[in-house]
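J.: Taken from TrEMBL, the feature domain 'G-protein coupled receptors family 1 profile' applies to 19-277. Here TrEMBL flags 6-28, 40-61, 76-98, 119-143, 163-185, 221-241, 261-280 as transmembrane segment.
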Amino acid sequence: ATSAFGVILAVLASLIISANALVAVALFRLIQKSGYNGLYFVLNLAISDAMVGFTVISLAIDELSQPFYPSQTFCILRMAFVIFSSAASILSLTLVACDRHLAIRKPFHYFQVMTGLRVGARLVGLWLLAAIIGFIPVAAPGFQHLSFSTKARCSFFGVFQPGYLFIVFCVGFFPALFIFIYLYCDMLKIAAIHVQHIREVEHAGLAGRCRPTRTTSDMKAMRTVAVLTGCFALSWLPFFIASIVQAMCPECFPYQVIENYLWLLGLCNSLLNPLLYSYWQKDVRLQFVQLAASVKRRVL
């Protein structure tokens with residue numbers, strides 16, 4: 001069973017890294033051509049998801065190798081890197097949703113507001129917050145378990161106190177989910193206003209000269225945010241709810257199920273993000289086609 005779980009982790013990690021690497025290359029080429037600063041948030045999402053894949057590789061190696069029982073310090077640092085990369089992925093999703101919301105709400109001021117300096121400041125703040133969330137137990141030993149077993153594998157519940165898990169949930173997951181819901185509802189309201197304006201134009205007999213291209217763009221952005229939000233909630237919500245129950249009542253729920261299955265479901269979100277974004281965004285798909293054609297020419 002341990003070897004099978006290690007194979008699953010290795011396959012998942014390989015898919016996460018390869019998919020996000022391809023999306024990152026396509027986005028980098030697209031940024032060079034278009035100069036659109038908002039794509040840096042999506043590029044950052046691909047980078048953070050790729051980091052999640054690299055952390056999974058280390059766990060897969062442990063599962064596939066001989067029994068390895070690390071020290072408490074090594075185990076805490078490893079779990080801190082896992083939470084750090086996962087927090088960066090969740091925060092990157094939040095920035096992508098905020099960027100799409102800003103583009104819909106203030107389309108004429110978007111390029112004035114979203115300058116390169118402000119994009120860079122937001123990304124730096126994102127990684128600092130992710131580092132704070134991930135490495136709190138390293139700086140605060142009070143969040144570490146005192147009764148760490150040297151004959152046990154690394155696990156969240158084996159090295160971290162329940163109080164730290166509550167901090168991760170309250171600072172990382174639930175605020176991001178609430179922000180997603182609020183932004184999506186606000187974008188629905190804005191889209192409804194745009195549809196009403198289009199109907200007024202049609203009644204005035206100006207529909208031939210005023211095409212609803214803006215509404216089409218808004219609906220694409222809303223669709224992207226809705227799909228990313230839905231997959232995020234379906235992937236991570238079972239893990240966080242079960243972890244809260246486990247933290248409040250250690251005997252009520254087997255933590256092995258949380259760490260071996262529900263956490264694995266959450267990691268799948270790092271694989272779904274590049275697949276969904278590349279599927280819904282026409283520009284990214286076009287970059288894939290051009291990249292494949294370029295590779296084919298060089299090979300042949």
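For all residues, glycine too, the Cβ spot is worked out from N, Cα and C.
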J.: Ranking 76-98, 119-143, 163-185, 221-241, 261-280 by the number of C-beta pairs under 8 Å to the transmembrane segment (6-28), which range is first?
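T.: The stretch with the most close Cβ contacts to the transmembrane segment (6-28) is 261-280.
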J.: What parts of the chain pack near the transmembrane segment (163-185), using Cβ distances under 8 Å and only residues at least 6 beyond its ends?
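T.: For the transmembrane segment (163-185), the nonlocal Cβ contacts are 83, 87, 90-91, 93-94, 97-98, 100-101, 133, 136-137, 143, 156, 222, 225-226, 228-229, 232-233, 236-237, 240, 243-244, 247.
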J.: Any residues 6+ beyond the ends of the transmembrane segment (119-143) with a Cβ under 8 Å from its own?
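T.: Tertiary neighbours of the transmembrane segment (119-143) are 37-38, 40-41, 44, 48, 76-77, 79-85, 87-88, 91-92, 95, 159-161, 163-164, 167-168, 171-172.
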